[in-house]
Amino acid sequence: MIIYLISELLLYLSFAILAGTFIIAIVPNEKKPTISIHKRWLQLSILGIVLFSAMPVVQIVEYLYQGVGLSLTLTNVINNFEVGRAWTLILILSIFYYLLISVFPVQQKKSYAVLALVFLFILILAVGWASHAASLTEWSGFAFHTTHFTAVSVWIGVLFIVSWFSKDTKNWNALLKWYSPLAIVCFILTMISGFYMMSLVVDLTDYTNSWLLDYGQALLIKHLFIIPLLVFAFFNGMWMKCRLNQNPQFNPKPWVRGESLLLLFIFSATAFLGQSSPPHEIESTIKTNGVSALFQFFYGGTIAGVSQVQFSLTTFSFVFMLLAAIFLALLIYSFRKKAPAIFAFFMSFLSVLSIYLSFMTSF
């Protein structure tokens with residue numbers, strides 16, 4: 001389970017690194033800081049896409065090969081399963097992609113960077129083809145998954161490259177002028193597509209009931225991290241412009257890195273969602289897989305079914321929600337009073353933890 005979860009997280013990061021690198025490459029030099037990312041990172045990202053996208057194939061083979069044989073099962077999965085055929089396409093495309101990255105100056109010439117982005121988008125289409133959302137609908141699941149994956153890769157990719165691979169902070173205001181609108185568009189697309197894909201597996205009226213399952217727990221945690229992320233995004237956009245105008249020597253990178261780490265938590269929750277059983281029918285999923293260990297820890301008693309669990313305000317839930325409000329206020333205060341970025345990140349984590357505990361003590 002842990003290996004598959006980590007592999008899915010690294011798959012998202014591989015796509016984000018490539019997307020961020022090539023989008024930055026086509027931006028004029030006067031609208032970005034100095035970026036230095038070695039070609040080896042790009043090559044490793046492509047190899048990562050091949051390796052980590054193969055994990056669903058490995059899971060199916062691992063489940064089916066007993067009594068049939070490894071070779072025959074692997075051949076059958078690659079030839080007859082959508083996930084196997086999609087991975088074969090990813091492998092073939094990645095070979096050509098690797099050659100393009102290795103031979104041509106993709107970071108120096110915009111035409112090659114655009115070609116690299118086209119290759120990357122085709123790989124995203126292949127991943128969408130094999131996605132769970134695509135298997136639930138004829139076309140809409142595939143389209144929304146592709147939109148979601150593309151928007152996330154662009155949004156997080158640029159942020160990740162700028163925060164961890166920039167050599168200076170020059171042209172940062174010029175960077176924000178084009179990146180802030182791009183990030184807003186990507187965020188809106190991510191929310192719309194994510195909401196649709198969630199509706200495919202979770203009845204919106206059963207959202208709180210889904211918390212009884214591992215899938216619902218991961219979904220809740222993912223949604224909670226969006227709250228401090230929006231605070232970071234606002235201050236790293238609007239507030240950062242004012243701060244840089246007042247003090248051109250100010251270093252914004254620690255704050256942007258804090259935002260990228262919050263996104264890493266969201267990536268981790270998303271990866272866990274990919275490895276959990278979707279709660280199409282919560283009652284039957286509980287009977288098959290049992291109640292989430294996290295939910296069981298807070299609830300304490302024996303859970304026979306969804307109807308037994310009722311959501312209500314308690315003293316503990318009120319106290320934790322009050323703590324969450326305090327931590328969010330301190331998060332905003334840390335930006336306004338120029339506190340260290342690590343303090344803001346710590347307040348973000350505590351606010352998410354407090355809201356989570358407030359919800360978990362409401363049953």
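Keep in mind that glycine also has a Cβ here, set from the backbone N, Cα and C atoms.
All TrEMBL annotations are machine predictions without curation.
Feature annotation from TrEMBL assigns transmembrane segment to 12-29 (among others).
The transmembrane segment annotation in TrEMBL covers 41-65 (among others).
Sequence annotations record features per position, and here TrEMBL assigns transmembrane segment to 85-104 (among others).
Residues of the same chain lying 6 or more positions beyond the ends of the transmembrane segment (111-130) and with a Cβ under 8 Å from any Cβ of it are 11, 15, 18-19, 22-23, 25-26, 49, 53, 56, 82-83, 86-87, 89-90, 93-94, 96-97, 100-101, 104-105, 142-143, 145-146, 149-150, 153. Positions annotated as transmembrane segment by TrEMBL: 111-130 (among others).
According to TrEMBL, the feature transmembrane segment maps to 142-166 (among others).
Annotation source TrEMBL lists domain 'Copper resistance protein D' at 174-273. Residue counts for the domain 'Copper resistance protein D' (174-273) under DSSP (helix as H, G, I; strand as E, B; rest coil) come to 89 helix, 0 strand, 11 coil.
Taken from TrEMBL, the feature transmembrane segment applies to 178-198 (among others).
Annotation source TrEMBL lists transmembrane segment at 218-239 (among others).
Annotation source TrEMBL lists transmembrane segment at 290-309 (among others).
Beyond the ends of the transmembrane segment (316-335), by six or more residues, the same chain brings 227-228, 231, 235, 239, 343-344, 347-348, 350-351, 354-355, 357-359, 361-362 to within a C-beta distance below 8 angstroms of the stretch. Among the features that TrEMBL reports, transmembrane segment is placed at 316-335 (among others).
Annotation comment: TrEMBL describes 341-359 (among others) as transmembrane segment.
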Cβ contacts the transmembrane segment (142-166)/the transmembrane segment (12-29), at least three under 8 Å, sequence gap 6 or more: yes
Spatial neighbours of the transmembrane segment (218-239) not adjacent in sequence (6+ beyond its ends, CB under 8 Å) are 176, 180, 183, 187, 198, 202, 210-211, 252, 255-256, 258-259, 262-263, 265-266, 269-270, 272-273, 276, 328, 331-332, 335, 344, 347-349, 351-352, 355-356, 359
On average, residues of the domain 'Copper resistance protein D' (174-273) score a pLDDT of 91
For the transmembrane segment (12-29), the distant same-chain contacts (Cβ-Cβ under 8 Å, at least six residues beyond its ends) come to 35, 37, 41-42, 44-46, 48-49, 52, 106-108, 110, 113-114, 116-117, 120, 123-124, 127, 149, 152-154, 156-162, 171, 178, 267, 270-271
